[in-house]
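Visitor: One structure coming up, written as structure tokens, with questions to follow.
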Amino acid sequence: MHLLLWLLLLARLCRPEFICEVSKVTSQVEVNCDNKGLKALPPGLPGDTAILHLAENPLGAFSTALLGPLTRLAQLHLRQSQLTQLQVDGMLPRLETLDVSHNRLKSLPSLGRALPALTTLDASFNELVALSPGTLDGLSHLHELYLRGNKLKTLPPRLLAPTAQLRKLNLADNRLTELPPGFLEGLGELDTLYLQGNWLRTVPKGFFGDLLLPFTFLHGNPWSCDCEILYLARWLRDNSNNVYLWKEGVEAKATTPNVDSVRCVNWKNVPVHTYQGKDCPSPMDGGDMDYDNYDDEDEKLPGVEAPATRAVVSFSTHTKAHTTHWGLLYPTFAYPDHQMAYLSSTLELTEKQTMFPSTLGPIMPTTTPEPTTPPTTLEPTTTPTTPEPTTPPTTLEPTTTPITPEPTMPPTTLEPTTTPITPEPTTPSTTPTTPQPATTPTTPQPATTPTTPQPATTPTTPQPTTTPTIPELPTPPTTPEPTMPPTTLEPTTTPTSPTTTLILSESNTFLGIPELTSPCTTSEYPIVPSLVHLPEAHEVARGTSDSSRNHRLFNPDLCCLLPLGFYILGLLWLLFASVVLILLLTWAQHVKPQALAMATYTTHLELQWGKQVTVPWAWLLFLQGSFPTFRSSLFLWVRANSYVGPLMAGRRPSALSLGRGQDLLGTVGVRYSSHSL
């Protein structure tokens with residue numbers, strides 16, 4: 001018997017004891033082997049282990065293949081385990097958290113194939129110098145990545161591309177000197193970014209993209225305030241409530257914003273968001289700031305006018321089917337220093353037009369030249385019409401010429417006259433040309449017979465010594481109805497068909513212009529062929545201008561009288577309503593209440609009031625019978641209306657209405673709730 005006991009005791013001593021603590025938390029088995037001096041994975045781990053702690057053990061190296069039997073393992077903690085090598089040659093399909101912080105790892109293997117469900121990776125405070133581009137491949141469910149306290153100097157540009165669901169990124173306390181462009185691209189759910197304690201001097205333009213980033217830590221970097229920092233300075237101004245100062249042991253949500261913590265190292269230690277970069281090129285000077293567009297796209301930029309569209313119409317007055325050339329409606333932004341225009345490939349000539357802010361521009365036979373330059377003639381259009389060689393025309397329709405109004409006349413409707421142009425016959429040896437400025441010379445059409453140059457489409461050029469230049473009208477010119485008398489030509493000449501250039505303005509939208517009547521900037525627009533009929537265009541323009549001038553509603557006197565009339569009618573109506581209300585109140589005060597009241601009926605209800613009995617409270621404890629009954633008598637006056645007049649003669653208020661009865665009824669109601677009245 002004693003021998004058997006000794007054998008059992010010896011067998012127990014030979015069997016190794018399981019030194020880890022096993023507990024169950026929220027239906028998950030948790031095994032705690034922290035600080036047990038383990039150099040290898042302890043045997044006898046429960047197969048349903050979900051949380052395994054192996055921190056503060058001198059493991060040296062670790063392989064996930066040892067955890068193959070633990071199919072339910074969700075968390076693995078290897079903090080401060082003196083790891084120098086981590087192998088992921090065994091697949092853990094349910095592992096969500098891997099903590100290898102405070103070790104001696106110099107590189108990280110590719111984790112996506114062995115740990116497809118990983119959501120949190122903590123590799124802080126190791127000796128990582130660089131990361132391979134495929135380190136995070138396959139970690140599509142990764143939410144938190146902690147790489148703080150390493151020796152990283154650069155990062156692969158596409159390192160975070162596989163982690164589209166990343167929410168927290170900690171790169172603090174490294175040796176990063178630059179960040180790759182597009183590093184945060186595709187991280188739409190990123191809300192916390194730690195970049196403090198690095199060697200960053202600037203960030204690439206467009207680095208933050210359109211991310212919201214509610215919690216950002218950028219302090220502790222030697223930010224160099226020069227022209228390259230303007231992007232970060234503007235981003236800090238636009239997101240001043242999202243920049244925080246990190247404190248040890250304090251959650252990001254528990255801290256307060258501190259945008260002043262991001263400071264320049266070379267500019268008197270001022271906050272970066274206050275740096276304006278006065279000597280740096282601005283977008284208006286051709287510099288590319290590449291700012292993120294946080295505002296609306298239609299926001300007005302300084303010094304930029306709103307886009308406008310114009311159309312140039314060119315048609316022939318010689319043929320019945322008029323050919324029209326419409327300009328491409330390209331929007332143009334006019335800057336203070338220069339102008340930009342989008343030209344068509346078929347464009348042969350452009351003319352600087354003066355745009356007026358009118359919703360429907362009238363059809364003008366010509367454009368008003370600028371006051372500083374002499375009147376010029378237009379160059380020929382891309383599709384000039386040629387005269388018919390078989391039948392020489394007998395008459396030539398001249399071009400219309402608007403006459404400059406007299407200085408004493410107000411800028412009202414002008415009735416211009418027409419100046420017939422009679423081409424003079426020329427000899428074959430000479431070819432006359434129309435005098436034009438040196439900037440826009442006109443080439444006459446060559447012909448074997450004596451020809452005449454094309455008449456200009458602008459107003460006829462007067463002699464410089466007798467006629468001054470035509471000044472620019474202060475108001476948009478309207479299209480008058482020209483009268484065009486025929487002109488008989490010499491039989492020896494063959495006139496060419498003149499061309500007339502009209503300008504049809506489309507609906508223009510001008511943003512940021514204080515007065516709609518002020519002229520806008522000038523820009524150049526191309527010409528593209530189209531079709532239009534000259535007589536119809538003249539009739540539409542003339543009818544529009546005549547109807548707008550002759551309509552009664554557009555009379556300025558009538559427009560001013562209408563509000564005044566409505567104002568007077570409102571005062572009269574208010575006065576009438578006040579008088580009616582005063583009369584009603586006066587009549588109501590003089591009417592006697594007795595006249596309005598109906599007949600009064602009085603009904604007497606008498607209730608017998610029993611004898612009042614006083615019973616001490618002590619007796620009630622021993623009283624086995626029923627409680628005494630109390631009765632009250634009330635006098636009710638029933639009337640046809642709610643009006644209660646004075647008491648009639650011979651009646652006085654009873655004691656019940658003076659307070660005693662009210663106290664009595666209240667006492668009865670409280671003490672004896674079964675009593676009813």
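Cβ from N, Cα, C; glycine included.
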Visitor: Which cysteine out of Cys264, Cys280 is the one Swiss-Prot pairs with Cys225 in a disulfide?
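Guide: Disulfide mapping in Swiss-Prot sends Cys225 to Cys264.
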Visitor: List, by number or range, the same-chain residues at least 6 past the repeat 'LRR 6' (189-210) whose CB is under 8 A from its CB atoms?
Guide: 148, 164-183, 216-224, 226, 228-229, 231-232, 235, 246, 252, 288-292
Visitor: Can you give the mean pLDDT for the repeat 'LRR 1' (72-93), rounded to a whole number?
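Guide: Reported value for the repeat 'LRR 1' (72-93) is a mean pLDDT of 94.
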Visitor: As a quick check of your reading of DSSP, tell me how many residues in the repeat 'LRR 1' (72-93) are helical, how many are strand and how many are coil.
Guide: 0 helix, 6 strand, 16 coil
Visitor: In the same chain, which residue numbers or ranges, 6 or more beyond the ends of the repeat 'LRR 3' (117-138), come under 8 angstroms Cβ to Cβ?
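Guide: Same-chain residues near the repeat 'LRR 3' (117-138) but 6 or more away: 79, 93-111, 144-156, 158-160, 162-163, 170.
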